[in-house]
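In what follows, a structure is listed as structure tokens, so that the remarks can point back to it.
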Number of protein chains: 2
Amino acid sequence: MSAFHLETGGLADGRQILYFNTTPGAGRASFADKRDLGDRVSAGEIRYDVLRDEWVAVSAGRSSRPLLPVACPLCPSGGDDLTEVPAPDYEVAVFENRFPSFGGFSEPGPLPPAAVAGMETAVPASGRCEVVVFSDDHDASLADLGPERVALIVRAQAQRTAALSARGDIAQVFPFENRGVEIGVTLHHPHGQIYGYPYVTPQTRRHLDANRRHRAATGRDLFDDILESERRGPRVIAENDHWTAFTPYAARWPFEVHVYPNARFADLTELPEEYIDAFAPLYLEVLKRCDNAYPGEQMPYMAGWHQAPVAEDRELGRLRLELVSIRRGAGKVKFLASSESVMGGWVHDLGPETAADMLKGAL
Amino acid sequence: MSAFHLETGGLADGRQILYFNTTPGAGRASFADKRDLGDRVSAGEIRYDVLRDEWVAVSAGRSSRPLLPVACPLCPSGGDDLTEVPAPDYEVAVFENRFPSFGGFSEPGPLPPAAVAGMETAVPASGRCEVVVFSDDHDASLADLGPERVALIVRAQAQRTAALSARGDIAQVFPFENRGVEIGVTLHHPHGQIYGYPYVTPQTRRHLDANRRHRAATGRDLFDDILESERRGPRVIAENDHWTAFTPYAARWPFEVHVYPNARFADLTELPEEYIDAFAPLYLEVLKRCDNAYPGEQMPYMAGWHQAPVAEDRELGRLRLELVSIRRGAGKVKFLASSESVMGGWVHDLGPETAADMLKGAL
């Protein structure tokens, strides 16, 4: 169950495509991309926001990206239908995003400067944006794919984390899935993405700072203490020998599930095989509970792996998955307006225990 | 032009209502609220998020609030139509939100503790949430109301900032307007809100920290340096002797306009009368430019006054207004998905200079 077979190929504009196969010798990378794509699109720059102390990518090229295109670019190619995936079938495929927010340059760039002087500082938006296609079945959903496929996807995410971490221009790797038109998903074919950021993201910096303070004050790891506290509490959604899924005490989103491995790992590259195998059925259970919370309504969600940075403060980070949803009632979504979006002042409308009880009862 | 006449009354469930009038003796507060509203609704608690180092309000009562109700509760009362505003007409009315995220308790509560120990800490969500109705004309928009009304609204926001700052349970006052169904506005009658938070919001803390570091490193104020830099740059949208409106160098939202007074004030309570009078026509110009950016499409926006905290780090703060929009093209909005919402990794799709040029050309 643990092995995968990697084939690496290229697309017409020079982007890389990788096939993650459960069987050897599939030969998928041998199919050529017959499209005329013109020059490849590179990301723009990242600018330093002096007031918020964070980097912002400026990527004008992305505004031309397709909005629900007629033909699905993630389906396999076949006959005259030439897509982003040249092979006629596949299990899991990963390729560089054609309209990247980060990267796409011919050479990996440098990380942004650690200290910024002056009001206007910009460097090229180095890094990498990848698309991870979960299945060649356009109409599938991750929740339907079964544990073997989920495990293969996690192994692909782990391989990509290792590869992107080795490039030298990436500070943090974030594998994630956006699902649902309610959060702006433009392609319904089941897929996720991976962002290799050239900086440590603002949210992750906050988590690392909190752990630094907690360790100094208590001598204990903050994530250990959170997990221990939540495992004793009323908001555990699902668990097995290797993983615990819970709605956190101070949840911000109407539905929010954090999935922690029961031991501490920095990122997916450190995750043992048996943890990956144990993650798959547990995560499928979480997804099914989410989809059953409001009968007849798939839950829109954002789910991603929080990983330790590649280098800076790596020892303070901890691997876990967080899934959040804007669904706040039957047919209702929570909009993030001024308080949340502008000030960071969040209001939980349901109450974390109520939301957790709904998920616990939804199977 | 500078005077206003304040009348204070009450609603059926004990909430306060205030009328800001340009003429004395209007007698609006003498109209009684004839509805049977039952007990008043109080906010819940705020919980401390140990991982993000921020407070989250848990307010289960809000989930029953109306979603585009049939009768507008912000229109004046008349005949059998009993609304949140008992008077038969008004200029600007302010009342406590019936479904508050903060406050509504019989007594103002304490501020949250400065230091938190343990994984689960909660205190009552003290503070106050107010609704500011800009006009008794249901179909008006702030941009249509004219400079005298805009000045009266700012004077009302200043009076409320002073009153809420004096309560003792409020750390920061945030007057804001959400406009547009695209960002979830449920009442189309022109109105804004005021949140009196029991904590200094996460975003404001970041701004204060940035200014603290900047002052230590340079001896200068960060906001002064930003304003000076932007006034020399290519992204000024509108200006007069007292105010400068610009799209910032590292804008995060597709359209983003920051409106700074040309001198430093902590909050609206310090703003001189001539600044208020000069703000009104300039802000109306900004709003008209926004509405003209995509012909035939009102721009959805969030606009709010960033003010210094009531006490903590007050000397590091600075009054200015920020207006941001998710409009990213004709008929297109930007969704904040995993990178922005979860990691704080923002991507600007248009480019700040392009967006600024569109606003500069839109009148």
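Keep in mind that glycine also has a Cβ here, set from the backbone N, Cα and C atoms.
Record features (TrEMBL):
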- A:70-200: domain 'Galactose-1-phosphate uridyl transferase N-terminal' (DOMAIN)
- A:Cys72, A:Cys75, A:His138, A:His189: Zn(2+) binding site (BINDING)
- A:His191: active site, tele-UMP-histidine intermediate (ACT_SITE)
- A:215-314: domain 'Galactose-1-phosphate uridyl transferase C-terminal' (DOMAIN)
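Annotated features, which come from TrEMBL, shown on the structure.
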residue: A:Cys72; record: Zn(2+) binding site; Cβ neighbours (10 Å): 16
residue: A:Cys75; record: Zn(2+) binding site; Cβ neighbours (10 Å): 17
residue: A:His138; record: Zn(2+) binding site; Cβ neighbours (10 Å): 13
residue: A:His189; record: Zn(2+) binding site; Cβ neighbours (10 Å): 20
residue: A:His191; record: active site, tele-UMP-histidine intermediate; Cβ neighbours (10 Å): 20
Conformational class of the residue listed as 'active site, tele-UMP-histidine intermediate' under the three-state DSSP mapping: strand
Stretch-averaged pLDDT - the domain 'Galactose-1-phosphate uridyl transferase C-terminal' (A:215-314): 97
Distance, A:His138 (Zn(2+) binding site) to the residue listed as 'active site, tele-UMP-histidine intermediate' (CA atoms, angstrom): 10
DSSP three-state assignment for A:His138 (Zn(2+) binding site): coil
Other same-chain residues whose Cβ falls within 8 Å of the Cβ centroid of A:Cys72, A:Cys75, A:His138, A:His189, the recorded Zn(2+) site, in sequence order: A:Pro73, A:Leu74, A:Thr83, A:Leu187, A:His188
